[in-house]
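As written in TrEMBL, here are the features:
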type     : residues                                       : note
BINDING  : Ser184, Glu185, Glu237, Glu306, Ser370, Glu431 : Ca(2+) binding site
COMPBIAS : 7-20                                           : compositional bias 'Polar residues'
REGION   : 1-26                                           : region 'Disordered'
TRANSMEM : 48-68                                          : transmembrane segment
Amino acid sequence: MNIASPAPSSSNIRVPSLTRSESRAYPRQDTRGMLSTFQYYLRQHTRAVGVVLAVTIFVVVLTSDFVYDHFPVRASGTTLLRGGGGDSGSYFNFAGAQNPGYFRIEHSVIHEDDRITGYHFGMLTDLDTLSRVPGSSKPTFQSHLVAGTLHVKGKNKYEITFDDTPIRHLVTGHNEAGRGAEFSELTVFDNRLITADDRTGDIFEILNTPTGQDSYAVPRLVITEGDGDTDKGMKWEWSTVKGDELYLGSMGKEFTNKNGEIVNVNNLWIAVINKRGEYRRENWVKAYDVVRRALGAESPGYIVIESVNWSEHLKKWVFLPRRISQGETYNDVLDEKRGGQQLVLVDETFTKTQVVNLNLESKDPLKGFSSFSFVPNTQDKHAIAIRSVEEDCALDDESLCKQRSYVVVIDILTGESLAPEVKYEHDWKFEGIEFFNPYDVPSRA
């Protein structure tokens, strides 16, 4: 006869206990819930989870710019498109702008019977103290935008004319200590026409009216000089596009007092702006020193640079100094007659230089380069340039100051002149020149 064993009492049962790290939850806690399961998993795989999380964050950061560049994003209720380059559309939100740019260098090309006969260009004035609008009830300043045409007259031959259309007056109230609209340079960047005020440090975008027959300037950014820890606007003198960024710089010379003693080196810094309007600063003291040494303009000599461009075709920086002093200390009056007649080619790393002597029609030392732009379809070998004059402007009597500007075309590699030098009819100082179609009609979001 089978006799069943008595059921063991609960007091006789021994259940092996689990350590805290082995159990799914704390002792006597219900382990069937999802939260407990998740907590258990984390305790068992803490290191692995940490690695996965770190990799995920890295991938998100790495791809954020790609997503921003290639897919629509929404801001302030407006769909904003980001193009990867000048031909594929522009940022709608450059420094807060809500509409895309519409100025393209390729629009400057003039065709006739399927051949290129010329290029549209524009020039912009910097009249210094004469920029103030006479008789204005409140501080108002202006710069003049003039349209011109570079005619192709044969191989390596050009002719320069100015369009018989109304001069466009870009008016602004932005000023620093009663000076403004002293615009230096003119550059197409991401289909936007950009200029900069060398008095206030403002970066302006030039826009056309709906018909394309007039223009106006809109301030987008203000950048202070040097490393940025100042309240003085940067003295902008040049700008150029390199890759997807806009480089802006000053005159490449230390700020000195009347005795030639160095006060600061703020003008040896540059700013680099991306297509969103974000920017960084770079100290270019060493870069400018490379150019000075190439020209034999080491201290106490100096250079004053108002025109610099990066050549994507040549893979070189091209410096076209306005003033060159070889061994002579800076002097306001004498500086007016130290006009440069050389250019310097510098490789991307600023280790190799080449000086090109310019065979200019006029050797007048009053004339100095204030801007230049590569002629399209020449692989950056030809350039149109402004030679500007300031005569007796360093004197205390402003009424004696005489300004004027001349336009030339040069071969960057040989220094040869490719067109007769042309003086602009009004006695104005121009400091910006660029190839674009001044009559482009705005596009809107």
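Using the three backbone atoms N, Cα and C, a Cβ is placed for every residue, glycine included.
Keep in mind that TrEMBL annotations are predicted by a computer and have not been checked by a curator.
Location within the structure of each feature annotated in TrEMBL.
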residue : record              : DSSP class
Ser184  : Ca(2+) binding site : strand
Glu237  : Ca(2+) binding site : coil
Glu306  : Ca(2+) binding site : strand
Ser370  : Ca(2+) binding site : strand
Glu431  : Ca(2+) binding site : strand
Non-site residues, in chain order, whose CB comes within 8 A of the mean position of the CB atoms of Ser184, Glu185, Glu237, Glu306, Ser370, Glu431 at Ca(2+): Asp126, Asp198, Trp236, Trp238, Ser307, Ser371, Gly432
Glu237 (Ca(2+) binding site) CB neighbourhood, other CB atoms within 10 A: 26
Cβ-Cβ neighbours of Ser370 (Ca(2+) binding site) (radius 10 Å): 27
